[in-house]
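Let me begin by presenting the structure, written as structure tokens, before commenting on it.
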Amino acid sequence: MSDSTWLGLLTMSVSSIVVGAFVGGTTTKFLLNFVSSKRLNQIAHVINLIAIVVSSLIGGVTQSYEAFIAGRLIAGIPCGITFNLAPMLVAELSARRKRGFWESTIGVSISFGFLIAAILAHPKVLGSLTLWPVLIGLGVLPSFIYLIASINIPETPYYLLRHGRKEEALDVLTELRKNEDESVAKQEVEEIENEIGDSGKVNQLIAVFALYANLMLCGVNNILFYSDLIFKEAGISADNVTFATIGVFALQFVMALIGAKFVDRFGGLKVTIAGSIGFIVSLTLFTVSQAMVYNQNSAVLSPLHTTADEQLLTNGSAFASVTHSTFTAETTSLIASAQDGANPWSFVSVLAIGIFMVAWSGGTHISTFALLGELTIEPTRATCFSYGNAVMWTTSWIVSFVPPYLQEALGPYSMVIWLGFTVFFLVYMVICIPDTKGRTTNQIQAKFGGKTDSSASFGIVLTEVESLNV
């Protein structure tokens, strides 16, 4: 098989999950017209089991890349659906004053998943050409665990009230808030009923778009890709580069744990803004250091391997993890042949990566989920998440495919484009997104021009939001 054919199949396999996720994410609102969030989440996990059978069992036994690609495509559908449903379910089940904290735990869970995947995908564990079907097959465990546990998960009070089942909604809230007085549950039922009758705003939808886009257009995938190369340049041996990468994911998880407490204390908006400031510092340091390394002819960054490696790290697939070490070995060998020792500026690049991962994992990554749940209301939440999910997966695809061309055109300054996006979204958030910490739903929606504040005229009413389906 020629290198071009191999690269084409590789990019198709790792990008197919993005296509599936786009489909799943954008159809969530439509599907919720027929089933509840709980039931749709269960269906998504069943689809995930089917995807694993196709990619791991059929693909592994037959060694068919067609089966593997098909499995990846199918796996993307539940990925897109659950990326919407998780913050929706948390927002509708958690108490208002702790909603930001519980939403942030979604980001913590994702970071933990990245860490476990990085460890299991190590070539000395399951990340080999013979054991990759087993690695993918392990994905059945979380789905089985959820399907069993979800039996005891109640329907959300929002869903029950929307279908006229007020007594059941009160029972669910009483059980969820059993450490508080029963009057608290009754008051929350009234608040939910008022929220269901509210209408959304175009500005609310734009805010969701901006948060989702900022999550990817900060250039996180580029940073994840460059980490292997920069660790090598800084003097880390090829044998230890994979361990360094695992260390990056471990840092993500630790910072996510710490960041969740910051979100609980300071609110999602402040943490997101702090994360963006961290991005600006990091990307600036990274660009300066790479420019110095480039000018001293001490680094070789191959556009060919940027494409392959970056997509692998972006999608986090089991197959990607298996093949990642092969591409890393090739790219790092190019650097090794171009330099005899570590360049001091490479250590600045390592520092920049550390700052970036702290800002992303402990800031934007987890605070975004908190803001999404707090900024949206029941009538608009599914619509905003569906459209926002489309924005996120589209920008994810862009960040996966565009960098090789940016690198070819801009060289060491290829990260400047992400720096520009970060500055833009930071200004937007400071001006247009309200602080949700310690504020009621009515106060938050007044910023968007909700009916709860008749004097507010900020935004255009999204009439017939409920009829907006994808």
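A Cβ is built for glycine as well, from the same backbone N, Cα and C atoms used for every other residue.
What TrEMBL records for this protein:
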DOMAIN    1-437  domain 'Major facilitator superfamily (MFS) profile'
TRANSMEM  6-31  transmembrane segment
TRANSMEM  43-61  transmembrane segment
TRANSMEM  67-89  transmembrane segment
TRANSMEM  101-120  transmembrane segment
TRANSMEM  132-153  transmembrane segment
TRANSMEM  205-226  transmembrane segment
TRANSMEM  241-259  transmembrane segment
TRANSMEM  271-294  transmembrane segment
TRANSMEM  347-372  transmembrane segment
TRANSMEM  384-406  transmembrane segment
TRANSMEM  412-433  transmembrane segment
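The average pLDDT computed for the domain 'Major facilitator superfamily (MFS) profile' (1-437) is 82. Listed by sequence, the residues of this chain that lie at least six past the ends of the transmembrane segment (67-89) yet keep a Cβ under 8 A from its Cβ atoms are 9, 12-14, 16-28, 31, 37-38, 40-41, 43-45, 47-48, 50-56, 58-59, 103, 106, 136, 139, 156, 317, 319, 369, 372-373, 381-382, 385-386, 389, 392-393. Non-local neighbours of the transmembrane segment (101-120) in the same chain are 86-87, 90-91, 94, 126-127, 135, 138, 245-246, 249-250, 252-253, 255-257, 259-261, 263-264, 268, 316, 318, 321, 361, 365-370, 372-374; each lies 6+ residues outside the stretch with a CB under 8 Å from one of its CB atoms. Below 8 angstroms of C-beta separation, residues 38, 41-42, 45-46, 48-49, 52, 55-57, 59-61, 71, 75, 120-121, 126, 318-319, 321-322 of the same chain, each at least six residues beyond the ends of the transmembrane segment (132-153), sit close to that stretch.
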